[in-house]
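Over in TrEMBL, the protein carries these features:
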type	residues	note
REGION	1-30	region 'Disordered'
REGION	50-69	region 'Disordered'
DOMAIN	136-186	domain 'Inner membrane component'
TRANSMEM	139-162	transmembrane segment
TRANSMEM	233-259	transmembrane segment
TRANSMEM	318-337	transmembrane segment
DOMAIN	349-468	domain 'Sodium/calcium exchanger membrane region'
TRANSMEM	349-366	transmembrane segment
TRANSMEM	418-441	transmembrane segment
TRANSMEM	453-473	transmembrane segment
TRANSMEM	520-540	transmembrane segment
DOMAIN	572-714	domain 'Sodium/calcium exchanger membrane region'
TRANSMEM	697-717	transmembrane segment
Amino acid sequence: LPWGSEPGQDVGLDVAPTPPTDIPKAADSRRGSVCDRHCSTINNDLGDLGCHLPRPRGPTAGPPPHSEECESCARTTLTAENAVEANKLSNNYKFGFKKWKSHVTARPWEDRSEIVKELYSDLTVLRGPAGSTVTCGNVLYLLLFGWWLSLLHSLVAAGMFLTVVGAPHGRLCWDLAGYFLWPFGKVIQKVEVPKSQEAGTGESSALLGGPTPGRWRPRCWEGTGHWRRLGTAAWLCLGYPVLALCHGLVCVTSWLLIVTIPVAKLSARSAARVLLLPPERVRVRRIRMTEVPPEGEVILCCHRAANPYYYKYSVHGLNVFAINLLPLVLVTLLLGYLDSHNHLSSSTLKFSLALLSIMPLSYYIGMAIASISAQSTFAVGAVVNATFGSVTELTFYISALLKGSREGSACYAEVVKAALTGTLVGCVLFIPGLCMVIGGIRHQEQRFNSRSAGVSSALLFLSVGGVFAPTLFSKVYGKLVCGECHNVTQNPLGHYLCHGCHFDLMDNNGTLYYSHVQPLVYTVSLLLPAGYLVGLCFTLKTHSHIYDIHVSGCHMPGHHHSAVVHWSRWRALVILLLSTLCMSACADLATEHISPILTNSTISQYFIGVTVLAMVPELPEIVNGIQFALQNNLSLSIEIGNCIAVQVCMLQIPILVLFTIFYPTNFTLLFSDLHVYASMFSVVLMNYTFMDGKCDYFQGTVLVMVYFILLAVYFFAPSPSGC
């Protein structure tokens, strides 16, 4: 499941929308029962809250044409809590916009499931014991934290008893030692105590029922408050720092483990609240099923130490995985730029950290783009998506080309070409195939909008043909030159075995390349973005009805909520710029320390480019696609891969060609035969699979297996020239 979504939420759409009143009955009757069943199957997205709006009037409000393609009559009705969320959902179906599953606004509390409410509930809810407290998560807490936390509190209690003035805090630590050994089924309360007892001015008499005069006590104890006591000073100097440090360690460790986030909440509240209260106001009690609710404020009441659903936990719209990986970015930048001579770590470690840091940064960039697009006009959203949609890949490619230019090595240009091909092949085969397999396990057969998929397929054919046109041209008119040839038959007219053969385009002072191939490259680099703009105009303006997306609002009682966005437009813009800056730094570190891997690794540089460098930045998109497939919304899963592949060919490659004009590098739009055959075969296979508008896990398995076969070919392929 992807980052930021929540378990238990209504994700299937069982809406069977009625046709609008302005459609004639005769036209509606032509659709037939089979088409109606098909339309009801297609309509799926984020859940039906019982909210419907009339179908918008205009070009798309007329009756659908009667044809054999039943999906032409299907429409997808989306439901949203507010206008911002509705814009985000609508943008998911727009070509060229980033598909984003997570909410960009806070969901109303009453709309969430009980599982989600339990994740976000505070540890002050007093509940009776539901079953045994001996669970796997609780036992894991005992083994990881409970025993040594209890021992530590016991030692601190002994130390506070030795100070005499800290004896009340010693008793508190002794009670907490038993609590932290096994806190489940127990409660920590803050109780009110009489002023005379709190000030320590006397003792109660059981016989007379009132206070009796006590021996002399320091004046600073008499009604001057908890913070001016000598025992409190001793506690803050000797006991509290040790326990706060240990609770902080437990909090960080349990937060990083994610499933034990309740332990993190427990430790954080203990250090920030329980240990700072006057000891006479803290009570530790055991919860009994027959006991009436105790009087006093409940501070801590933990029932379970682990919850497997915490992988869906988010803070201010940020998934816990993205939060936990954010320190990795800081460590990568500090280690990479402060240890430039590799005294503390190796280049391999720095390359791995830089590559892993790209994943959370890609998530932040995607969240920022989705937030800005959802809160802005269509034009602003289109500009933001076009500008920053490919920033993750472009930063790495440009950094690699700059390093290759500085070192005078053509290996980096070949790695960039391998990464471009790997992204294209992976987005065409692996992402849709994996989504089909995982979604097909839950749903026997999945349907999608074949017309919208056909538009993406046509753009892919156009882009692949344009990208590889200079390569095919060079193979037709280039001169084949071989490095070394041997006569294998000992006959001058016999067969020769040649090595290092390539098509030479620089013969006669490069006349063929500079006069024919290079102008063709520039022409293609201008036509591909133009084709992308035509595709945007076709899908978003003139023929937007092929998606047939309708967003309905929610007008049920109790559902009137204003949009509480996680990130405002300015905040999202700042995060977008900072993430892009950090992405550039991590890409620079990755290319700076990739050289030992390319030179010393026994694996082909082709394989490194098409796998690690191509697919790691796309992991957030893969997770989003899987989530959409699990919700029986395969259309978005397919569009995720197709949109990235189209952007690679129609935007990223022309930008790289344009970059080489102003800053000459070793990058030329001439690919190896392996890249050409793999890309063309992948696009043809994908187009054949998406022809009928339905699929199952078997077709997905075929796509995934073909992808792995191509990876095996790249794995055993010899290193490219220049590496």
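Glycine is no exception: its Cβ is also placed from the backbone N, Cα and C atoms.
Heads up, TrEMBL stuff is auto-annotated, nobody curated it.
Predicted, not measured: the structure shown is a model, and the values here were computed from it.
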For the transmembrane segment (697-717), sequence-distant contacts whose Cβ falls under 8 Å of one of its Cβ atoms, 6 or more beyond its ends: 418, 422, 425-426, 429-430, 432-437, 439-441, 603-604, 606-607, 610-611, 674, 678, 682, 685-686, 689
Helix, strand and coil counts within the domain 'Sodium/calcium exchanger membrane region' (572-714) (DSSP): 117 helix, 2 strand, 24 coil
Recorded stretches the transmembrane segment (349-366) and the transmembrane segment (418-441) touching, at least 3 CB pairs under 8 Å: no
DSSP-assigned states of the domain 'Sodium/calcium exchanger membrane region' (349-468) in counts, ordered helix, strand, coil: 105 helix, 2 strand, 13 coil
Three-state composition of the domain 'Inner membrane component' (136-186), taking helix and strand from DSSP: 42 helix, 1 strand, 8 coil
